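Asks: Okay, handing you the structure first.
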């Protein structure tokens, strides 16, 4: 497991009206209408912020021309109309001045290239009096198919509210996952206790192959390998991303099968065993395996269909996190403190420190998380939108993604997401899982489990709050690690059980008079 520890909630969380660089082109012909993406310069063009206030213009198709000069057209021939021309040949300001001289009210420049915020020399801004915006040439061709050549257009740029409901959805999804993972780990521990302990040395393995981490040296090695993998991803992203995609498909299918199989056992579904000679197989297991493999394959094939694939990715991601939290267990609170502290340092270093070490000043964590070809806002505030609405780059499938529902114009251009790395769920989740297992060991009423889960919820809420106030992504572990570690320690101290809580499995073996090999 590599490079799973980060939170970047949307490449750009919110922009006020004055900064907005994306707009909506509303095309209509009678009752038929459709919206398309526009990119404009808010300091250059004054565009309405609502459709009801937007002026309707007849659209003239001049995409066979770059409109760098008037040619055979006469002044006033485009009086009060919107005109669509092809990008290239001359500067944006030159096209706009020619369109103005011909009487046009709006200039739309169709682009086959990557769309950037249109700009010019400051001396040219005052010469342009009409709205100017870029649109994808592919979108223009689509509009021609839908509306033929009789099109009326309206331009508007809806403002984005400072708070998006996707943050609430992400918070609920993360808390649900960590609570269910911790609950599952405790339930497995209770079942193992009822069946009798099976210990060998310092490492414990359940029948399902669950592994307990007990050695600080192994934890340190694990973190060092994560650092190495993240750096390799930064330098060799376009090759290693496919390795991660294949691993994710296999791991998520296995995890989803484990979750669904456990759920089937919990609700009492029959296995429907069928005998074939001397062997027997479970029909239920075959059906579950078929469903899980199919879902993983569907995700692999359609992984770049941002409009809907995020739902399936989140489903597989939840299953992956649950299975990891159940499978990998920490032996005591000492190991929890050591692992979470190391990963906190890892998170902060690769988010905040690496921009000072990379040639272009970018964070290694953010760059790997979003992908090197991700569109969005550049450092100078300019927006970059791919010429093709389908992304041409691969993204790491190690994040929960929820669309920014209020970013209407931005989603037309390129889907905007709030994202949360799996590691921001798994790493605190390992502590939550340990707390629930400790509850089982001492026979408490899940006080440690509930307290740590609430601490995680509060810590993540604080992360989102800081992110909104600072208008920049935050390393979630910077807040989650202190909240969960301090809360669980405070509960142990208040109950006078800290020595047991710190020692964990070792204390449990001593209390049960089970010899442990050291």
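For all residues, glycine too, the Cβ spot is worked out from N, Cα and C.
This is the feature table in TrEMBL:
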type	residues	note
DOMAIN	55-139	domain 'PA'
SIGNAL	1-20	signal peptide
TRANSMEM	165-184	transmembrane segment
TRANSMEM	219-237	transmembrane segment
TRANSMEM	243-263	transmembrane segment
TRANSMEM	283-302	transmembrane segment
TRANSMEM	308-325	transmembrane segment
TRANSMEM	337-357	transmembrane segment
TRANSMEM	414-435	transmembrane segment
TRANSMEM	447-470	transmembrane segment
TRANSMEM	476-493	transmembrane segment
Asks: Tally Cβ pairs under 8 Å between the transmembrane segment (165-184) and each listed stretch (219-237, 337-357, 414-435, 447-470), then give the stretch with the top tally.
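Replies: Stretch with the highest Cβ contact count: 414-435.
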Asks: Taking the domain 'PA' (55-139) alone, what is its mean pLDDT?
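Replies: Mean per-residue confidence for the domain 'PA' (55-139): 87 out of 100.
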Asks: Do the transmembrane segment (219-237) and the transmembrane segment (476-493) share at least 3 Cβ pairs under 8 Å, sequence separation 6 or more?
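Replies: With fewer than 3 qualifying Cβ pairs, these stretches do not touch.
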Asks: Could you name the stretch, out of 308-325, 337-357, 476-493, with the greatest number of CB pairs under 8 A to the transmembrane segment (447-470)?
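Replies: The stretch with the most contacts is 476-493.
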Asks: Counting by DSSP secondary structure, give me helix, strand and coil numbers for the domain 'PA' (55-139).
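Replies: Breakdown, helix to coil: 17 helix, 24 strand, 44 coil.
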